[in-house]
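Over in TrEMBL, the protein carries these features:
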REGION    175-253  region 'Disordered'
COMPBIAS  186-211  compositional bias 'Polar residues'
COMPBIAS  215-224  compositional bias 'Gly residues'
DOMAIN    311-414  domain 'Fibronectin type-III'
DOMAIN    418-511  domain 'Fibronectin type-III'
REGION    497-528  region 'Disordered'
DOMAIN    515-609  domain 'Fibronectin type-III'
DOMAIN    611-703  domain 'Fibronectin type-III'
DOMAIN    704-797  domain 'Fibronectin type-III'
DOMAIN    809-895  domain 'Fibronectin type-III'
DOMAIN    896-991  domain 'Fibronectin type-III'
DOMAIN    994-1091  domain 'Fibronectin type-III'
TRANSMEM  1116-1141  transmembrane segment
Amino acid sequence: FLNSAVILVQVNPGETFTITTEDGHIQCIQGPAHVPMMSPNGSMPPIFVPPGYVSQVVEENGVRKVVVLPHSAEFHPSMHPPPHPPPHVPHYMHHHHALLPHPPHPVYPPVPGTGELPPQFIHQWFSELNQKKATTNVKSIWDQKQCFLCFLEPRSHGRTNFIQRDERSLKMQEHLKKRLKDRQASGHTNNKLNSPPSSPHKVNNSSSAAVQNGNGKGQQGTGGPLKQKQIGKAKGCPDAEMGESDTESKKYDTHLSIGKPVVSDIQARSAVLSWNLPVSSQNGESHSHSPAAFTFEVAISNSGKNGKFKSVYVVSATSSSIKESVSELVSFTTESCEPDCPAAPKLINRTKNSLSLQWKGKNGPFKECYYGHLKQYKLTKLSPSTKYSLRLAAKNDIGMSGFSETVTYYTAGMVPPAPPPPVLVEAGVTWLALQWSPPSGVSSEDSLTYTLDVEEEGSGYGFQPQYNGDELSCTLRNLRRSTSYKFRLFAYNSEGKSSPSEVVEHSTNPDKPGPPSKPTTKGKIHSHSVKVAWEPPKDNGGSDIVDFCKSFAVYRMGFFAAGSKWDTIYSGSQREHVCDHLKPGTSYRMRVHCASDILTVTTSAVPPGPCPTPCLAGKAKPKEITLQWGPPPVDGGSDITEYVIEMANSEQEERRQVYQGAAPECTVSNLLPGRTYCFWLRAANRVGFGPHSDRAEISTAPGPPDQCCKPAITCKNATCVAVSWESPACNGAEISEYRLEWGQVEGSMHVIYTGPCQSYEVKGLTPATTYYCRVQAVNVAGVGLFGETGVVTTPASVPAAVSVLQLLEEDQMEVSLPLSTCLAIQWEEPCCHGAEITGYNIEYGEKQLVTVGRNTSHILENLLPDTLYRVRIQAINSFGVGPFSHSIKAKTKPLPPDPPHLECVVFSYQSLKLKWGEGPSRALITNPTQFNLQMEDRFGRFVTVYSGPCHTYKVQRLSESTTYYFKIQAYNDAGEGEFSDVYAFTTTKSPPASLKAPKANQLEENTYEITWEPLQPMKGDSIVYILQLAAGREFDQVYKGPETSFRLTGLQTNCEYRIRVCAGRQSQDAAGSQELYGPYSPSAVFSSQKQELESQCAAVPTELADSKKTLHEERFIAIVLLCGFAVVAILFAVVIQYFVIK
């Protein structure tokens, strides 16, 4: 049951660990190996290490390890001799294991920032001093860093061995370095046990010290006097040799010169550095040395000649007394390469349909690619409550980097999902501490509040809200001991309430039970065991006793001066236990408890120590900053009650308090955008306030520019104005552009200029007009406010151009004018531009100018008929003449035409066809000349019977043998011409009407009487008749006279004859007797036959019927032909319409 402390010593490959066993023998353990060592009292045994190194103890997972570290970064093994070897260890000095490579070996100091543990020390002073050559080439900058991670460079391979370290080892080295620096600062490094001797050659190999590299047998006690004795003996050796080493070092003072190094094979992240061996001079003589006689150190600086140099490579051979020498500086520039892979973009703002992202990149000239050179971007037109995955790559002139890790963000606009159930953090007798995490898929920037409902077991009240807030934890107090409670959680955001989480059940702890009875022994007490029994406590604390703990104290006579701590040897529900593995003759104290009583001793409290520097929480806003901080490392023995944040614009200005409270974060408002503020934090407990923290400089986010000043306006002329303005405060972001608004109405202006300039000329203005303008500035953070409105009135000037100029038509004139020689124009008065208009200049024709008064119309007279004129006008005021208006084209009308000659070309008894002028009989659409034909009526007035462009007209419905009077007039666009002289035309007499077919009556054989209907005399003129007879094709006149019958004789028998008759009108006039005959009657057919009178009489109607039948057939055929021609004409018209015209 003894639990001794175990220390694990790690031996790396190529190293040897020497210890002395309990029987006095010396044992060498070669690496790699892990050597466990036990210390019964928990103390650390002394470990002797090579010069320039110190041992450190690291505890990891309950196991303590001894790690050897260099004493300082400037230690060079070649300048220090080995320490005195421990006595009784002859093979530690002379034994050379086969696994160790032959020296010399370069020793590399730790590289700052590499994060790797240096290797274990190798005793290079065992090497042969006549070795002639050392490695002097630096492979590359990156190879140097790899060299720093290894310890040896075997001769067989010519390169270093790499020891890979994980992140855990890096943190371990940083921790050990910090502890080493603290020990050096506190004076522990003055112990000369670990200090190397001064002389590199004078070493006393014989020592009577009883110190060994390990634990001796005599050290199992307290070890106080023995340890002091060992230290005293170790001190004596180096002090005794100090004087002799100083004397001999003066003999070897020489002057060393080294050449300028050469840089070659320069890459983006590597370069090859080489140099020649140095030459030393002593008393004017030059001496060459082997590479093994020097230590070479390479230092590099990336900030110029005067910058800070950092040692990046050290190779050590053998110790030498030659003083160090520095070569000349050499500079080189590495090649450019593609940028590093950027970090994943961060979400800075989101809405229902947009995500604003920001990422970090290295400064430099970026080409425009993908999103451009900005370090933030806003994704718009997204769907609300939608998951989006994003990744980012950077690009420069060399190429494009790889993509960053993919990140996922959600747009807003949804009720949060159900949160996970609350988790029990700690339970007490009357309280429960719970905590929970935000719902999955919800951004950390979303503002959520939570409601925790609690239901007590068996209460019957159901779930009752016990907590409401935005914290992710709460402590419920005043609960019943050993009672089960059910919990559920709701999450709220601006969109509403989520579904409840799963119901979980947690219970309060039972109260501690009372003390059990004093344990008693049961049975006989043996030398190695004893049986102990006890009774349970009277008060079980609200729960069954499930665990008894039995503790004892061990006293070892002669080994310990005081008592030891209580150890637990049994835990369970039984009420008796057998304690075995005891030592005979040893006293033990035992006690049994259910819950140990704890005595708390509290020392007097002091104010807390300084707090850590406050830092920015989240993203800075233009006018407010959210700060957060942690508690001070030292609370002064009392809980922190409040914090105070003080702020100032700079360290020299007076500080003012901006926050006082218990919360570890605060929001400072009413700040200016783009400004840097200084913050100090201090904490307070019940004693008082502690000191201020270090200054924290935090800048607000860039904001829109300030409001611009009132613009300065200068009138260059009546139509041009120069506007200038001053640049306002940019608020952390450079102003990218200005916007100038301009307008004639103060509340209705529009942007006329956008750009980076601070002045602008506004042209094309109206004279004598008031204008308003204002300016606003824009940067990447937003748009600033508009400044004050500037007002300017342009000076008066000449009138504006006439905008409306038109020609008056004849129907628009109040007075009739001869349009062949006159033109009437009208216009609208233009803007006077501040001075009243006094008149107008009208230009027409060959730049003929007419000046008129302040009218808006004028008649141009004495123009040429049928002539085209261009007319324009300009206004006049006291400042001069304005610009001309646009030109209009106007043409005078031609003179009215003369009347044509009128003649009658066709006379008829009821119509007259008249003709005039030269031209087609039908009207042409393009003919500009029209004619007006008038005829005198019975009242002696001339009335218009025709008006149009035709040159012929037929006057109908006239009376026969009547004289009519006519006159004609021509007119066109120029007007109406004069009427012609009166013309008289007389209609002819009408002929008699057509008679019916005559009738033939046979009187005798070959004798027929022909009769026809009579006509009345026409207006006193007598009527005569003509009878014609045809036996073949031609008719012959057989009678002419006023009678209405005629007898034919001498006809041939059995011969067919045809007869017809017409009427004639005999009249007397100045020319003499005239006869006017009408048309012939239809033909009548008869045959001369020798038959009875009755048969002849019957034959006449038959012949008449046949004649009528023949006439009807001829009429039918004519009608059919007419219809056919009409159908064909209609078809042709349709074809022409659809296939030719269209």
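Each Cβ is built from the backbone N, Cα and C atoms, and glycine gets one as well.
The list of residues near the transmembrane segment (1116-1141) in space but at least 6 beyond its ends in sequence, with Cβ under 8 angstroms from a Cβ of it, is empty. When the domain 'Fibronectin type-III' (809-895) is classified with DSSP, helix, strand and coil residues number 3 helix, 38 strand, 46 coil. Taken through DSSP, the domain 'Fibronectin type-III' (611-703) splits into 0 helix, 37 strand, 56 coil. Under DSSP, residues within the domain 'Fibronectin type-III' (896-991) fall into helix, strand and coil as 0 helix, 48 strand, 48 coil.
Secondary structure of the domain 'Fibronectin type-III' (994-1091), assigned with DSSP and counted as helix (H, G, I), strand (E, B) and coil, comes to 0 helix, 59 strand, 39 coil.
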